[in-house]
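Chemist: Take this structure, written in structure tokens, and hold onto it; I'll ask about it next.
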Amino acid sequence: MNFQILMEDVEVEGIDQFAAVLIFLTSFVGFACNTFIAFYITRLSLLRNSFGRLLQLQAAGDAVFVLVWAFYFAPVLFFDIKPLQSLGVASRFAQLCLICYDISIYTHLVISLNRFISLYFPTSYQTIFTDRFTTFLICAIVLVSFGFSWFLVIVDCKMGFSIPRWMLDYVSPPCEMVNVYYAEFFRGLIVISMFAITNSFTFCRMHMHNRKKQSESTFETTQQKKRRAVETAFVQQVTLQGLLYVLELVTYFYVALFFPVPLEPKALSESSNRWPNFLLTTYAWILVHALDGVITLIFNKQFRNVLRHPFRSQATLNASKTPSRRSRFVTNRDDSNRKKSSILACTFISNSNTGYGSSVHV
């Protein structure tokens with residue numbers, strides 16, 4: 001989308017402040033949820049593994065993204081802070097948002113592959129997603145995300161915050177929008193399509209497995225049913241989060257085109273498309289990062305237990321079975337049973353490289 005930054009001295013009105021309040025409230029909720037996940041995920045033994053570390057990186061990226069919108073863009077819009085509206089300041093915060101967005105989508109892709117491998121190759125999961133390999137993946141995600149953001153800086157594509165449009169716009173000229181198309185939209189489309197396809201295969205496999213287990217429910221133990229519920233929740237969480245990113249990409253780059261808005265400030269303030277365009281672009285971009293944290297809390301009972309009992313010790317939170325039951329569960333598990341009874345291997349396979357034990361508890 002070839003937008004030009006509106007650099008005129010525009011006065012903020014009541015409707016602009018209402019948009020700022022909406023941005024702040026949504027961003028603040030997302031910041032609270034994602035920050036909670038990033039800090040408390042280490043307290044849960046169920047998530048002390050590759051999946052948990054990747055989930056922590058995703059939450060951290062989302063938290064920083066919505067933090068910028070809550071405590072920079074929203075106040076700048078609400079209070080009309082002129083010095084902070086300059087391109088030099090806004091472009092740096094915009095670059096930070098792009099870095100966090102890339103961290104989020106790349107982490108989603110790796111998490112989708114994590115779920116896919118744990119589903120189709122449960123006995124090989126621990127060998128593939130070792131602690132060292134997970135560290136390598138995290139470093140690669142961060143470095144690639146920084147690299148693409150600096151590519152746009154090198155080709156002189158900077159983003160500023162447009163007060164009338166309530167959104168981040170590329171300054172064109174000097175920015176050639178073809179660079180933005182390939183660096184942001186086309187690349188994002190490929191990455192999001194990859195984890196959407198991966199999640200589809202994973203979800204279908206999980207659905208088939210659940211139907212098979214339901215037909216054999218009379219032979220399942222209570223522990224196996226609980227474990228299957230946890231595994232199903234993990235796959236549903238990843239699938240729903242991936243679907244939201246696909247919808248955000250479609251609304252931002254396609255659906256919003258049906259609600260064009262003029263560039264001239266006065267005509268823009270009178271345009272009936274102003275709010276639909278904002279909700280389909282800026283707000284959709286913020287909302288998908290905020291909902292990442294909300295969805296994680298909804299699908300993970302362990303996080304809700306921490307919220308209900310914030311001062312309970314880590315040992316108490318992680319103790320869902322008596323030691324004798326846990327030891328019997330670990331001792332009696334052999335390779336054939338592991339493949340048969342587990343779909344998401346990371347939910348109960350301990351990582352020998354890290355020394356973290358991960359037992360299922362719901």
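Each Cβ is built from the backbone N, Cα and C atoms, and glycine gets one as well.
According to TrEMBL, the domain 'G-protein coupled receptors family 1 profile' annotation covers 33-235. What TrEMBL lists as region 'Disordered' is 317-336. Residues or ranges marked as transmembrane segment by TrEMBL: 20-42, 54-73, 93-113, 133-155, 185-204, 243-263, 283-300.
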Chemist: Suppose you look only at the domain 'G-protein coupled receptors family 1 profile' (33-235); what would the mean pLDDT be?
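Modeler: That region's mean pLDDT is 87.
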Chemist: Same chain only, please: residues at least 6 beyond the ends of the transmembrane segment (133-155) with a C-beta under 8 Å from a C-beta of the stretch. Say none if there are none.
Modeler: 50, 53-54, 57, 95, 98-100, 102-103, 106-107, 110, 175-176, 179-180, 183-184, 187
